[in-house]
Amino acid sequence: MTAGVFGAAVLAAVLGLALGGPYLLRSAAPMLVRAPRVATAVILSAVAVWLGALLAIGPVLAWTATGPALIPAGAAAVCRRCLDAATPFAIGAFQTPVPAALLLALPVAASAVLLVAFLAALRARQEVTRGSARRMRDQARRRRVAGRDVHVIDDEHPFAIAFSSSLGGIVLSTSALDALDARELAAVLAHEEAHVRQRHHLIVSLSGSLRAVLGWVPLVSAAADAIPHYLEIAADNRARASVGTSALVSALLKLGEAPRQSGGVEFAGALHATGPQRIPQLVRPSRGLAGAAAAGMVAMVLAAVAALGATGHLAYLAAALTGCF
């Protein structure tokens, strides 16, 4: 294999995962839903693998590209020697209008830009959530309910939500307290406590911030859509193990849809124990081999793309450690 063929393979893998990844994840959902926390890790890994391979494209193409020199001839010769030492493949150089140095610099610059944009989106998202939680605490009162400290807010709509533990934790409406019996209330509290203890807010915040930067990539957008769904199922599983399926299903039917706000307070950044959408999965969970083939394909694709991206990055690391000889 030549370096050029390998570069084409990396490029094809990046495009294929970006465009075809959402279909694979949807097809694998009947299997992934059985282990929602594993599913969340798989989806996050898919995005990380894709980013790693994307940033490897420039350095891999630099193995074969010869273009205008941006640096003095002596330094250019040293750089060329390092590029030749980095590639584990046969070199078939071709002339391009793009300097090899630029192909190396672009991933570094892109990484910096993406990181700054991601951190800015994350900070903005956290500021909105903190403001929402602060306004909630101003209107709510602290109570001990079923052995847990919660915030209770006056509202005619039954709902239960959770902020992260540092921002207030579990919030219940007075209507929810009136509507739910003891077992239903225990199921709802177990669900919301799972969100808090398993740090689901952080995961949703990270995936949402990444979508704010790379939402035009189908894989990233699909990942940000799917992750909250799997986290809700993970919280459901914790509630089922604690109280039972029937109590959780009954509670979800009573809670209905999650409110956008209460008393003028928006619940931005909160996770909700919402109504009937997840009930089919609770009463008739996926069984058999549905989604198994797609899940296996997801594993193979991620392994292949990860190997391609890692080959590019590790080759440069090895060259740097050996002094380009």
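Even glycines carry a Cβ here, placed using N, Cα and C.
Per TrEMBL, these features apply:
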type	residues	note
TRANSMEM	6-25	transmembrane segment
TRANSMEM	37-62	transmembrane segment
TRANSMEM	100-122	transmembrane segment
DOMAIN	135-206	domain 'Peptidase M48'
TRANSMEM	288-308	transmembrane segment
Quick one: do the transmembrane segment (6-25) and the transmembrane segment (100-122) have at least 3 Cβ pairs under 8 Å, skipping pairs fewer than 6 apart in sequence?
no
I need to check the long-range neighbours of the transmembrane segment (288-308): which residues 6 or more away from its ends have a CB within less than 8 Å of a CB in the stretch?
6, 9-10, 13-14, 16-17, 21, 24-25, 27-32, 42, 45-46, 49-50, 52-53, 56
Whole-number mean of pLDDT values that fall within the domain 'Peptidase M48' (135-206):
91
Summarise the domain 'Peptidase M48' (135-206) as counts of helix, strand and coil residues per DSSP.
37 helix, 18 strand, 17 coil
